[in-house]
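Quick look at what Swiss-Prot lists:
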- 2: N-acetylalanine (MOD_RES)
- 1-27: region 'Disordered' (REGION)
- 2-36: topological domain 'Cytoplasmic' (TOPO_DOM)
- 107-129: topological domain 'Cytoplasmic' (TOPO_DOM)
- 193-199: topological domain 'Cytoplasmic' (TOPO_DOM)
- 37-57: transmembrane segment (TRANSMEM)
- 86-106: transmembrane segment (TRANSMEM)
- 130-150: transmembrane segment (TRANSMEM)
- 172-192: transmembrane segment (TRANSMEM)
C-alpha cells in the first residue's frame with residue numbers, strides 16, 4: 001500500500017501529504033453512488049404509490065344513515081368510485097405505480113450496463129416530469145373533494161360526510177398524504193436529473 005507521507009530530504013522525517021493533494025474520488029464511484037440514490041428513490045416512489053392505491057381502493061365504508069323520505073335508517077355505502085375525482089386519483093396511482101416499477105427496473109439495468117445511461121436518462125427525466133404533473137393534479141383534485149367531504153359547503157347544500165364515514169375519510173387522507181409524498185419524490189427525481197445533466 002502506498003504511503004501518504006513524503007520524506008523530508010534534510011531531516012529524513014516523513015511529512016503528511018496535505019489534504020488538497022489527495023486524489024479526488026473516481027468518477028466510477030460517484031456514478032455508482034448516483035445510480036444507487038436514484039434506485040432507492042424510485043423504490044420509495046413505488047412503495048408510496050402502491051400503498052396509496054391499496055389504501056384508496058379499500059376505503060369503502062357502509063353505515064346506517066337516515067335518508068330523506070325514509071322512516072328508518074338504511075345502509076348507505078361511501079366508496080371511492082362515487083366520485084369522478086377519486087376515480088381519476090386511483091387511475092393516476094395505478095399509472096404512477098406501474099411507472100415507478102418500470103423505472104426502477106430500468107435504473108437497475110443502467111447500474112449494470114452504464115454505457116446506456118446517457119440515452120435512457122433523458123427519457124427517464126422527461127417521464128418523471130410527466131408523471132409528476134399527472135400525480136400532482138390527481139392529488140389536488142382528490143384533495144379538493146376530500147375537503148368538501150370533511151367540511152361540507154353550506155352555500156350549495158353539500159353536507160359533510162366525515163362525521164358519519166370516519167374510516168372512509170381517514171383512508172382517503174392517508175392515501176392523499178402518501179400521494180403527496182410520492183409527488184415530492186418525483187420532484188426530487190426531476191431536479192436530480194436536471195442537475196446531473198449540467199455536471
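For all residues, glycine too, the Cβ spot is worked out from N, Cα and C.
Just so it is clear, the model here is predicted, and its values are computed rather than measured.
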Closest-packing stretch to the transmembrane segment (37-57), where packing means Cβ pairs under 8 Å, from 86-106, 130-150, 172-192: 172-192
Tally of residues which DSSP labels helix, strand or coil - the topological domain 'Cytoplasmic' (107-129): 22 helix, 0 strand, 1 coil
Mean of pLDDT values spanning the topological domain 'Cytoplasmic' (107-129): 80
